[in-house]
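The structure appears right after this line, and notes come after that.
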Amino acid sequence: MERSLKNVLVVSCGFLLLFTAYGGLQNLQSSLYSEQGLGVATLSTLYASVLLSSMFLPPILIKKCGCKWTIVGSMCCYVVFSLGNFHANWYTLIPTSILLGLGAAPLWSAQGTYLTTMGNLQAEKVGKLGKDVVNQYFGIFFLVFQSSGVWGNLISSLVFGKMSMQEAIPEEQLMSCGAKDCLMGPAATNSTHHPSQQLIYTLLGIYTGCGVLAILLVAVFLESLEDKLENEGERRPRPPPLWSTLLSTFMLFRDKRLCLLMFLPLYSGFQQEFLSGEYTKSYVTCALGIHFVGYVMICFSAMTALCSLLYGKISKYTGRAALYALGAAIHFSCIVVFLLWHPNTNQLPVFFVLSGLWGMSDAVWQTQNNALFGVLFEENKEPAFANYRLGEAIGFVIAFGYSSFLCVSTKLYILLGVLSLAMVGYGTVEYLEVKAASKVLGAEKKNQAEEEEMKTKI
């Protein structure tokens with residue numbers, strides 16, 4: 001196995017273990033800690049911290065520590081959050097959620113920088129296009145990473161599975177499910193009893209163990225990017241001054257392409273929050289019961305994982321524009337269905353089909369967005385990925401902010417609007433890229449013609 005691919009698999013498996021723990025724990029926050037809104041407050045604090053972290057920390061940590069040790073250090077923040085859940089209260093969850101948020105942006109920026117650099121080095125080595133290898137590496141990563149949703153939800157479903165004591169769902173409650181949910185209908189009663197402390201400790205022990213294994217895997221087996229560059233004969237760049245690094249995230253906004261593309265990560269945050277927050281609560285839990293949430297999310301994660309690998313493979317044949325068109329078409333269709341559909345207990349397959357379709361489209365945003373930012377901003381990868389996480393965090397914060405007081409139908413219309421803006425911005429950037437490429441090609445042809453003319457005269 002080639003060394004670059006081995007490194008990609010190490011990063012992927014590390015993230016798989018880490019987010020098997022974090023993803024499962026995140027989905028249970030609002031259910032386990034509903035008293036005085038502690039769970040929702042924890043998630044809101046977490047993503048606000050991610051937003052602040054995205055502005056400053058990623059370029060600094062990556063420049064000072066390198067991609068490998070930035071990933072290791074950031075993973076430690078996730079494990080601390082898991083430990084904080086063993087004695088859950090305002091004094092443990094809020095500080096540890098802030099710490100996790102501070103580590104999240106550097107973690108993802110380092111991952112994006114690492115995979116992009118590895119892809120470009122491998123492309124030079126084998127004589128392929130850099131964007132094709134980068135797309136392939138992101139496809140492999142998200143195939144492995146997205147399966148964490150399967151394992152995380154499966155673990156929680158198995159641990160809490162014996163507790164399911166389903167009650168009949170009243171017809172009055174079904175009438176307020178779906179897009180009609182305006183937080184004024186009857187409260188969902190078809191939930192399980194609160195799990196015992198022993199079961200919670202069992203689950204947290206498994207999740208914490210997964211996080212520790214992730215740290216050890218990356219620390220021991222991942223090759224340092226700086227060592228890799230030296231081995232490939234690349235010169236290690238001299239670190240820029242601290243203030244230059246601090247400002248690099250914001251200075252990149254002078255590139256109009258970034259301004260146009262920021263709606264893509266913004267929409268990514270919106271759509272992820274909708275599925276995990278609104279779909280699971282207003283559709284699945286409301287109509288089927290909370291014990292079905294894990295299984296529906298497994299379907300989503302499995303489809304996202306499989307499609308991530310598929311898109312990474314076929315992008316060099318179809319081009320990224322076709323994949324973005326596919327992703328947008330699927331989400332447009334799903335949003336329309338969500339607006340018109342009245343969920344019912346007799347329509348069980350529909351819940352899984354819609355979850356799977358949402359996963360097909362989510363795979364486009366996850367693989368292509370990361371590859372797009374890595375390819376377009378190759379010279380400024382760290383600030384580019386920091387801005388990507390900033391946009392995604394803003395999407396999460398806004399969506400969590402209005403989640404408690406807007407009807408689901410209104411949230412769907414907002415989602416539709418942001419998706420439209422994202423596609424317009426992306427389409428404009430593609431047009432600018434084609435236009436710039438044609439200018440370069442025209443200039444090369446002109447120079448070639450002039451050279452031939454000079455040779456003829458001689």
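Each Cβ is built from the backbone N, Cα and C atoms, and glycine gets one as well.
Among the features that Swiss-Prot reports, N-linked glycosylation site is placed at Asn190. As annotated by Swiss-Prot, transmembrane segment applies to 8-28, 42-62, 69-89, 90-110, 140-160, 202-222, 258-275, 286-306, 321-341, 345-365, 390-410, 412-432.
Spatially, the transmembrane segment (8-28) is adjacent to the transmembrane segment (69-89); three or more Cβ-Cβ distances between them are under 8 Å for residues at least 6 apart in sequence. Within its own chain, the transmembrane segment (286-306) has Cβ neighbours under 8 Å at 27, 31, 142-150, 153-154, 156-157, 161, 164, 166, 169, 173-174, 176-178, 181, 188, 190-192, 275-276, 280, 343-345, 348, 351-352, 355-360, 362-363, 366, counting only residues six or more beyond its boundaries.
At the 8 Å Cβ cutoff, the transmembrane segment (321-341) and the transmembrane segment (412-432) share at least 3 close pairs (sequence separation 6 or more) and count as touching. If you look at the transmembrane segment (140-160) against the transmembrane segment (202-222), you find at least three C-beta pairs under 8 angstroms, all six or more positions apart, and that counts as contact. Here the transmembrane segment (202-222) sits against the transmembrane segment (69-89); at least 3 CB pairs are under 8 Å, leaving out pairs fewer than 6 apart in sequence. Tallying C-beta pairs under 8 angstroms between the transmembrane segment (42-62) and each of 69-89, 90-110, 258-275, 412-432 places 90-110 first.
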